[in-house]
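Asks: Can you read through this structure? Questions will come right after.
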Amino acid sequence: MPIEEHIAREQERLRAKQRYRTLPETGARRGPYITVGGRELLNLSSNDYLGLGSEPKLLASWMAQVECGGADGRFAMTSSSSRLLTGNFPVGGELESAIAKAYGSEAALVFNSGYHANTGILPSLSTRHDLILSDRLNHASIIDGLRIAEAEYRRYRHADYDHLEELLASAAGKYRQVFIVTESVFSMDGDLADLRRLVDLKKRYGAMLIVDEAHGVGVYGQRGLGLCEALGVLENIDILIGTFGKALASTGAYAVMSGLFREYLVNTMRTLIFTTALPPMMLSWSLATFTRQLEMRREREHLLGLAARLRETLGDAGFETPGESHIVPVVLGEDRAAVAMAAALREAGYHALPVRPPTVPENSARLRLSLRADLAVEQIDALASTMQSLRS
C-alpha cells in the first residue's frame, strides 16, 4: 500500500473515532482569559499556573531592562550556536547559578525544553549494563528517553510501589546501576507520586532517583521548588528536572544535580550538544520569572485551595475527578462525551479542551482543567455550576 493511501486511511480512522487533531489558533491573552475564534474565553487549558505570563509589574520591570540593553548580550534575540561553540552567554550561567543556589545544589544545567532534557539525560547516564525503572504514566518524553537509551527498562504499574520494589529486588546484583524515574505531579490524572516511599526504595536498593517536576515547580513548596521541596526530600533526589514552560511562563527546562553529573552531561548529552542554544533574551526572562516565583507562596496556597474546592464541588455533583493537585481531570468516558462537554463549555465562555486516547487509556476521555492562581473563587464556583447544568 502506498504511504499516501495508508496515511489517508489512518486519518479517516481518527476522524471516525473523534480523535483527529488540528492546531487551534489562539489570540491575545488577558490575565486568565484567552481569545479563541474571536471570543474571549476563561482559559482552563494553560500551564501558566501562577499567572506569571501576564503579570504586568514583572513584565514592565523586565521590559525596562531590555530597553536599557546589556553589553553582555543578555537580550540578544538568538544564540545562533550550540552552547559548546558560541551560544553560551553569561546570562545562562547566571540562571543556572540562581537555580542551583535556590535548591542548595552543586550545579544546574539549562536545556532547550523538557523534551530535550528527558530524551537526553537517561541515554547519556545509562549504559547497556544498567536498568531503568519508570512509572507507567510518565510523560512521553521520558518514554522516548527510555527507547533511545541502551539500558534495559521496565515500566512499573502507576504509583504501585510494591510492584516497583519487586522489580528492584529481582534486579539486585544484576546491573551496574538501577535508575528510578518518576514525575512528581502526573499531568493527566493530577495525582502525586509518593516521593518519600521512592526515596526509601532508592536508599534500600542503591538506586539512582530522577524526578521530573514539570508540573510541580512553582506550585509546591514554600519557595515553589516543587513537590520534593514540599515533602522535604530535595537532598535525596539525584537529578531533579524542572521546566520554564509551565508555571514559570517562559521556555526551556533545567536539571539540578551534582557538579560531576553536570560536567559529564556537557560532554555526552546529544540533546544539549547538537542543538542551537536558547536565545539569551529568553534566558533573561526565565531568570526574572524564576526569581519572582520564589516569593509567590500566597499564590500557591490560593491555587491549591481553588483546586480542592472545584474537585470537591464536582465530586459531590457526581463527576469523577481523580487526583489531588492543581490539575483537575474530569473523566467522562467516551470520546464523544468529552468532545461534547468541551464544546458546550466553549459556548458558555470556557476554554477547556478534551483529552482522548491514546493520550489517556481507552474509555477515560476527559477534560483536563488546569487552574491558575489568578482565578477567583467566584469563577471556580461558576464553572462548577455550569458543568452541573450541562450534565443534567
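The first residue you see is number 1, and the count goes up from there.
Glycine residues also receive a Cβ, built from the backbone N, Cα and C atoms like all the rest.
Below are the features listed in Swiss-Prot for this protein:
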- ARG21, HIS139, THR359: substrate binding site (BINDING)
- GLY114, TYR115, SER187, ASP212, GLU213, ALA214, HIS215, THR243, PHE244, GLY245, LYS246: pyridoxal 5'-phosphate binding site (BINDING)
- LYS246: N6-(pyridoxal phosphate)lysine (MOD_RES)
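Tell me about the surroundings of these features in the structure.
Replies: In sequence order, MET188 make up the list of same-chain residues 6 or more apart from THR359 (substrate binding site) whose Cβ falls under 8 Å from its Cβ.
Annotation note: GLU213 (pyridoxal 5'-phosphate binding site) sits in a coil segment as assigned by DSSP. Non-local contacts of GLU213 (pyridoxal 5'-phosphate binding site) by the CB criterion (under 8 A, 6+ apart in sequence, same chain) comprise GLU183, SER184, VAL185, LEU225, GLY226, LEU227, CYS228, LEU240, ILE241, GLY242, THR243.
Under a cutoff of 8 A between CB atoms, and with a sequence separation of 6+ in the same chain, the neighbours of LYS246 (pyridoxal 5'-phosphate binding site) are ASN47, ASP48, TYR49, ALA214, HIS215, VAL217, GLY218. When secondary structure is read from DSSP and collapsed to three states, LYS246 (pyridoxal 5'-phosphate binding site) falls in the coil class.
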Asks: Give me the long-range Cβ neighbours of SER187 (pyridoxal 5'-phosphate binding site): same chain, 6+ apart, Cβ under 8 Å, in sequence order.
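Replies: Sequence-distant Cβ neighbours: HIS139, ALA214, HIS215, ILE327, ARG368.
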Asks: At 10 angstroms around each C-beta, which of the binding-site residues ARG21, GLY114, HIS215, PHE244 has the fewest other C-beta atoms nearby?
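Replies: Among the binding-site residues ARG21, GLY114, HIS215, PHE244, the lowest count of other Cβ atoms within 10 Å belongs to ARG21.
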Asks: Tell me the Cα distance separating ARG21 (substrate binding site) from GLY114 (pyridoxal 5'-phosphate binding site), rounded to the nearest angstrom.
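Replies: With distance taken Cα to Cα, ARG21 (substrate binding site) is 22 Å from GLY114 (pyridoxal 5'-phosphate binding site).
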